[in-house]
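TrEMBL annotations:
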COMPBIAS  7-26  compositional bias 'Pro residues'
COMPBIAS  41-63  compositional bias 'Polar residues'
COMPBIAS  114-124  compositional bias 'Gly residues'
TRANSMEM  177-196  transmembrane segment
TRANSMEM  202-220  transmembrane segment
TRANSMEM  266-285  transmembrane segment
TRANSMEM  292-310  transmembrane segment
TRANSMEM  316-337  transmembrane segment
TRANSMEM  349-368  transmembrane segment
TRANSMEM  425-447  transmembrane segment
TRANSMEM  513-534  transmembrane segment
TRANSMEM  540-559  transmembrane segment
TRANSMEM  571-589  transmembrane segment
TRANSMEM  626-646  transmembrane segment
Amino acid sequence: MSSSDPKPGPKPGPWPPAPESSPMPPSTWAKRTGFRPKFSGETTASHSGQLSLPASARATPSETHPDLEAGQPPLRPPPVSAGEQDKAKNDKPQPQPPSAAAPVKRRRDSDGGRSNGPDGGGANGSVRRQNRIEETVEVLPQSMADDDLVARNLHMKYGLRDTPGLVPIGFYGLQHYLSMLGSLILVPLVIVPAMGGSHEDIANVVSTVLFVCGITTLLHTSFGSRLPLIQGPSFVFLAPALAIINSPEFQGLNGTNNFKHIMRELQGAIIIGSAFQAVLGYSGLMSLILRLINPVVVAPTIAAVGLSFYSYGFPLVGKCLEIGVVQILLVVIFALYLRKISILSHRIFLIYAVPLSLAITWAAAFLLTEAGAYTYKGCDPNVPVSNVVSNHCRKYMTRMKYCRVDTSHALRSAPWFRFPYPLQWGVPIFTWKMSLVMCVVSIIASVDSVGSYHASSLLVASMPPTPGVVSRAIGLEGVTSLLAGLWGTGTGSTTLTENVHTIAVTKMGSRRVVELGACVLVILSLVGKVGGFIASIPQVMVASLLCFMWAMFTALGLSNLRYSEAGSSRNIIIVGLSLFFSLSVPAYFQQYGVSPNSNLSVPSYYQPYIVASHGPFNSQYKGVNYVMNTLLSMNMVIAFIMAVVLDNTVPGSRQERGVYVWSDSETVTREPALAKDYELPFRVGRFFRWVKWVGI
């Protein structure tokens with residue numbers, strides 16, 4: 001058999017002809033993980049990049065196994081004679097060394113050296129790839145099959161085990177945490193006012209959150225997954241916290257007693273839920289659950305978390321439109337329209353979209369306040385609305401409360417030094433119904449973390465972690481959430497989903513940078529004025545930033561579908577059903593028993609969280625009614641149940657489902673870099689060698 005090649009190159013080889021690109025190096029993801037291009041018949045060539053052949057030319061899995069390393073498609077070659085086979089063996093092209101024109105992959109090791117590897121692809125492919133890199137530098141990894149392409153696309157400045165100098169560590173650490181400012185501080189700005197806490201209470205909780213975030217991040221980068229992931233108050237815990245806060249038994253409390261009592265109830269529920277999560281991880285049960293958790297499960301579950309807060313976002317922004325809308329427009333302009341503008345090789349507007357928009361809007365609101373735009377004769381914004389007698393002042397009280405920036409006295413009253421300590425709000429109160437709700441939420445938080453582990457490992461590590469490392473990390477997250485419960489942050493502590501986007505944007509994958517930033521957080525938490533300053537952010541601006549953050553959270557959840565065949569009708573239907581019923585089923589529970597003319601005692605944006613008092617479950621066991629009505633009114637719970645059942649019962653190939661591929665024990669022995677990435681420091685791992693499910 002003969003074949004013609006218009007381009008000069010090696011002599012013709014066996015059928016089918018090898019691709020124009022040079023063979024991929026043996027260190028690709030396909031070789032390590034056993035990734036196979038087993039697309040379903042629904043995926044066309046235009047979407048999957050695979051050859052579309054007639055049925056007669058296709059080979060069954062038992063007849064041939066495609067070798068991605070050699071670039072051979074899964075085809076059955078026609079019969080050839082013995083002479084042609086001998087000739088094909090002699091004329092088989094040999095791998096060529098990388099040319100000067102081809103880009104070379106470089107990866108820094110812990111000792112500062114670099115190891116070079118060839119980059120497959122001809123000159124035309126290199127030019128196209130370079131153009132794509134220049135256009136979308138912040139792109140996330142699209143496949144598990146080629147870590148070389150991921151590394152080239154992202155241009156990671158420092159790898160996982162790199163140790164830059166002190167100045168780069170300090171600069172990139174500040175940049176890393178500022179880019180995630182909204183995720184760190186916005187949750188306490190929502191739950192503390194819902195509990196009836198004062199501005200001083202908000203400042204104290206913010207300081208506590210910063211302290212716990214620093215401690216838990218240090219623990220996680222040292223004894224957890226060891227990936228550069230910041231731990232903090234995830235939005236996953238926000239909906240159950242609001243549901244507990246709006247429980248019927250707390251409606252009779254008021255003032256400081258209300259805040260402290262509800263905080264102690266939250267502490268008790270978080271401690272029990274965290275202990276359950278720790279057992280889930282350290283017992284090895286998480287390794288079994290990993291078989292059920294795939295991108296088609298993670299995507300709708302995390303997306304439902306962001307979509308569930310639509311009733312809180314813009315309704316609160318509407319209290320002062322000229323401030324809230326400007327805040328939203330600025331953060332959108334910075335994050336999208338100005339994202340490619342670089343200053344000193346840093347995408348300032350993309351990385352600092354949240355703090356920049358907050359600073360500009362806050363300054364504009366301050367100028368409007370000082371200019372008297374929100375000053376009305378004879379009206380005092382510090383007087384409670386219930387004590388206002390004048391109809392003229394009552395008309396403008398809402399506008400003054402939400403538009404003025406001087407209504408909070410948190411910065412003025414906050415002390416310069418304050419040390420957050422455990423049980424600062426009192427002894428936790430344990431109730432089984434609230435604890436059971438938090439146990440279920442801890443499973444959702446673990447699903448969120450699993451997706452973050454896998455996505456971040458593709459960015460910064462040599463290979464994905466082993467199931468043992470994942471179990472170890474989930475177990476430690478349970479321990480760190482227990483610390484959050486003891487200190488009283490109001491939510492558990494888990495891996496923030498926004499980590500993946502931040503790493504992709506900042507190109508910083510060193511765990512040393514995250515550790516130094518965590519130490520800075522601990523120091524800042526001791527300065528009471530820092531918490532007071534953050535507590536002074538007007539509530540309308542908080543709601544505006546949350547609109548952007550929740551939208552980002554939804555998009556990051558759906559981005560997990562890039563590991564599966566997003567065009568498959570199977571996956572489309574599963575994700576669509578999960579998202580729709582995650583909105584529709586909770587709406588049924590939230591609207592059940594509520595008449596259109598009912599005058600509820602809570603604001604409209606808190607009404608979805610009072611379902612425990614009027615849900616459809618109405619048996620003689622009030623505790624069971626509370627648990628069922630509360631859980632089934634949470635969007636993320638419904639999405640998780642729908643997705644995990646459908647994805648694990650509807651037939652589909654591993655690649656179509658996008659099954660997460662974790663490293664195994666044989667890979668650890670064969671790849672020393674894997675052990676260096678995830679092994680515990682100070683030889684702590686030798687104490688866990690007898691427990692295989694929490695080690696490498």
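Cβ atoms here come from the backbone N, Cα and C positions, even for glycine.
Within the chain, the transmembrane segment (513-534) has long-range Cβ neighbours (under 8 A, six or more residues past its boundaries) at 158, 164, 168-170, 172-174, 176-177, 185, 189, 202-208, 210-211, 213-215, 217-218, 221-222, 228-230, 410-420. Listed by sequence, the residues of this chain that lie at least six past the ends of the transmembrane segment (292-310) yet keep a Cβ under 8 A from its Cβ atoms are 235-236, 238-239, 444, 447-448, 450-451, 497, 546, 550-564, 571, 574-575, 578-579, 582-583, 586, 608, 634-636, 638-640, 642-644, 647-648, 657-660.
Against the transmembrane segment (571-589), stretch 626-646 shows more Cβ pairs under 8 Å than any other of 177-196, 202-220, 316-337, 349-368, 626-646.
By the Cβ criterion (distance under 8 Å, sequence gap of 6 or more), the transmembrane segment (177-196) is counted as touching the transmembrane segment (540-559), at least 3 such pairs being found. Tallying C-beta pairs under 8 angstroms between the transmembrane segment (626-646) and each of 202-220, 349-368, 425-447, 540-559 places 425-447 first. When the stretches 202-220, 349-368, 425-447 are ranked by Cβ pairs under 8 Å to the transmembrane segment (540-559), first place goes to 349-368. Counting only same-chain residues 6+ beyond the ends of the transmembrane segment (425-447), those with a CB under 8 A from a CB of the stretch are 234, 236-237, 240, 243-244, 247, 260-261, 263-274, 276-277, 280-281, 286, 289, 293, 297-298, 301-302, 305, 474, 477-478, 481, 485-486, 488, 492, 494, 623, 626-627, 630-631, 634, 636-637, 640.
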